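Reviewing the structure listed below.
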């Protein structure tokens, strides 16, 4: 059975039970599901059902489910809990998850949670919280196992047996010196296949670098992807080991970054809760619509410059959205491509010129192609060759401008510290609308004036 | 030093050296870089430089670099090689990468490569190739280490030492019965911490299910994400172990799926080569522009129905793009949200109605808000209260339609087996344009006709 249909069955069963009001059945079903699946159910439920489902969970289940919930939903469910109920729920979360969560909750709750932790855990949490959420330090956990270079594998293995537990997703032991500075990694597989007399120093890998704690999460993700890492050590500015990052947290970063581009280009937040309340959603989205209304008004202002021409030749009004629309489409292709390439780190000084020239050439060729088509169509439709020539010329011009703008906007925005995934498409559409209407109606005004 | 600036330095150094024609310097630089970094350089280079860089690599380096290259670039570089040069380059690739690559190369090359492999590798490759690329079977590698449940950890460890090598990213040994059917996993960490007398059966985990080879890659990725897996066993329809999937290949799936949504919504292929040739790019993108030209013409056809009204009230031509544009923006917010939620498996029968109703309500509220603003603006601008009322009504109507269409289009398309990330935005824009122009100009025609 596929994952999808499994969810579907669970979701439908829960909905039926909720609709029938048989909470005991729902509770029974929830008891049989793994935490990740319950979290997915909560995220796929409208506010009322989500609230009911959450209340039906035992405290133990709530703790389990919390670590799988998306940030926005998690904060929504926990925000209104009194601290004495909150602390037992969240104190067992992974250090990095807990640090993220505390940053979203009121100050007072944070200090109560910190006070409730034992000294060692508090120190670890404070260390993670001292780094911004989107850096290596903010991503790391502190559950590292360290060994010294001079000991033998026999000793390592006795140590591990006495310890009795190795944290999830541990592929390497981390080798440190007396001052706890990172010097290399010892793959667990080497401990398994090597002679017990081998020393850590002989078998450790020193070609693997540790990640500085202030390195941006984006760079960490690229590093994991490029080197196919499962875990990586994190060090402070003195090279002292402070924690480790595991691939599951990196996968979250990759997912969030991808979501950020996709959602950002539609003016949405990547954490947007699909089933959030109407009011919350309206507030978030209205700003974006307001900004776009301004750009549409700018286009109208351009059109109004040509009222006289429009009055004389109403065919212009019929055709004018075409040039602007094609410019927007062509420009957003370039924009999307460049934003993706920048996210992958492919756009650098050395190749910007090539990229720009290539996109201009693509814009010009596509402009010519579709200018012929629309020029012929317009000339036949309105039985007016001049009109065909006007729209064809405006089309070529706007598609070249669109390509140039699509390539330059994200590069320029990045230099100015603006996120092109968020602001790029608004600026692009404004340019392609203004240029599209101006070129088409302007050319028409000149040509018809000279003809009449 | 950050990842980004490291790339930048490499890229700039290569460009300077290439520009100066000092190939020996470039070769020296390339020798000092890890394969992943060289692959990144190739992907970030225009066609001519890419070709030169590739030729400067030794055969050994080429083999190393190949496994890190994106599919489109890899095929481009290998397509024209004669088989006798190709075979030594690619025969050491991971089974899953090799299978993907062979499916892109000419039939004749595939059979030559297969013939050049030893019997065991050929059998493995043919097994992977027998599954579609986007299934668990197509993602898997065949480098599994299996153990039987009845042996002790002492025996396991002797076996591993004799073997001498454990494949990269191995966190579990796979436990199989006499018929090679999967029965559980044995975490390497348990072998390390447990007594040598423990049997595999006592310590293995049986709560971890194997993935059927025909399971879609998308489901595999969700499973890895949800359960924080590092590797997973793959079985055929009889439960026989056929391979394993590692997290690095899953990360590629996640990246590709995210790219697919982002790029697809702009009519681009997720594999699109940022620095590909102009001609290649024009061909790919022109189709998308052609489709969009048809939708723009549909909008023009609607406008042309109202030529008489436009001739009388030229202010309508000035304002008419606003209603259509706002509908497009609002609709694409809903469309993007629903496409993302569907990719995450959150949209099911039980909650579609809520989602639809919520989006309609959001559309209506945002429509009302911005209708007031644009209505007042239009009334003041043209000193015409009727015009304000007309545009305000059309705005509310179009934003509600946009929300409904944005929610229903992806759900309907998925049922029809159409990819909403590819086709959704075109259909949406057509609807919001047609409805936007029709509502605004239609209302105006009725109202002005009754007023005159």
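Glycine residues also receive a Cβ, built from the backbone N, Cα and C atoms like all the rest.
Among the residue ranges A:256-277, A:388-409, the one that TrEMBL annotates as transmembrane segment is A:388-409. As stated in TrEMBL, the feature transmembrane segment covers range A:287-306 out of the listed A:227-246, A:287-306. Broken down with DSSP, the domain 'CBS' (A:204-262) shows 27 helix, 16 strand, 16 coil. Nonlocal intrachain contacts for the transmembrane segment (A:421-449), taken as residues 6+ away from its ends with a CB within less than 8 angstroms of a stretch CB, comprise 260-261, 264-265, 267, 291-292, 295-296, 298-299, 302-303, 305-306, 308-310, 312-313, 316, 319-320, 323-328, 330-332, 335, 339, 386-387, 389-391, 393-394, 397-398, 401-402, 405-406, 409-410, 413. Averaged across the domain 'CBS' (A:204-262), the predicted model reaches a pLDDT of 91.
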